[in-house]
Amino acid sequence: TIINVKCTSPKQCLKPCKDLYGPHAGEKCMNGKCKCYKV
């Protein structure tokens, strides 16, 4: 899921992705936006 959070590194997506999917969330930074996925 691409969420509307700007990023330059995946670490910036860690908290919003965990808020979305819980402790087992995965995160990537793609095209300046966070992408979250369930692991």
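Heads up, the Cβ atoms here are built off N, Cα and C, so glycines get one too.
Taken from Swiss-Prot, the feature disulfide bond covers Cys7-Cys29, Cys13-Cys34, Cys17-Cys36, and the record attributes it to similarity to another entry. For Lys28, the entry in Swiss-Prot reads site 'Basic residue of the functional dyad'. The site 'Aromatic residue of the functional dyad' annotation in Swiss-Prot covers Tyr37, and the record cites similarity to another entry as its basis.
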Just checking: which of Cys7, Cys29, Tyr37 have a Cα that is within 10 Å of the Cα of Cys13 (disulfide bond), counting only these recorded positions? Cys7, Cys29
Least surrounded, by Cβ count within 10 Å, of the disulfide-bonded residues Cys7, Cys17 is Cys7
Under 8 Å by Cβ from Cys36 (disulfide bond), same chain, sequence gap 6 or more: Thr1, Ile2, Ile3, Cys13, Pro16, Cys17, Leu20, Tyr21, Ala25, Gly26, Glu27
Here the Cα-Cα span from Cys7 (disulfide bond) to Tyr37 (site 'Aromatic residue of the functional dyad'), rounded to a whole number of angstrom, reaches 16
For a quick check of packing: other C-beta atoms within 10 Å of the C-beta of Lys28 (site 'Basic residue of the functional dyad'), how many? 14
Ranking the disulfide-bonded residues Cys13, Cys29 by other Cβ atoms within 10 Å, which is at the bottom? Cys29
State the Cα to Cα distance, in Å, between Lys28 (site 'Basic residue of the functional dyad') and Cys34 (disulfide bond), rounded to an integer. 6
In angstrom units, rounded to an integer, how far apart are the Cα atoms of Tyr37 (site 'Aromatic residue of the functional dyad') and Cys29 (disulfide bond)? 12
Tell me, how many other CB atoms lie within 10 A of the CB of Tyr37 (site 'Aromatic residue of the functional dyad'), whichever protein chain they belong to? 12
For Cys34 (disulfide bond), what residues in its own chain, 6 or more apart in sequence, show a Cβ-Cβ distance under 8 Å? Ile2, Ile3, Val5, Lys6, Cys7, Pro10, Gln12, Cys13, Pro16, Cys17, Glu27, Lys28
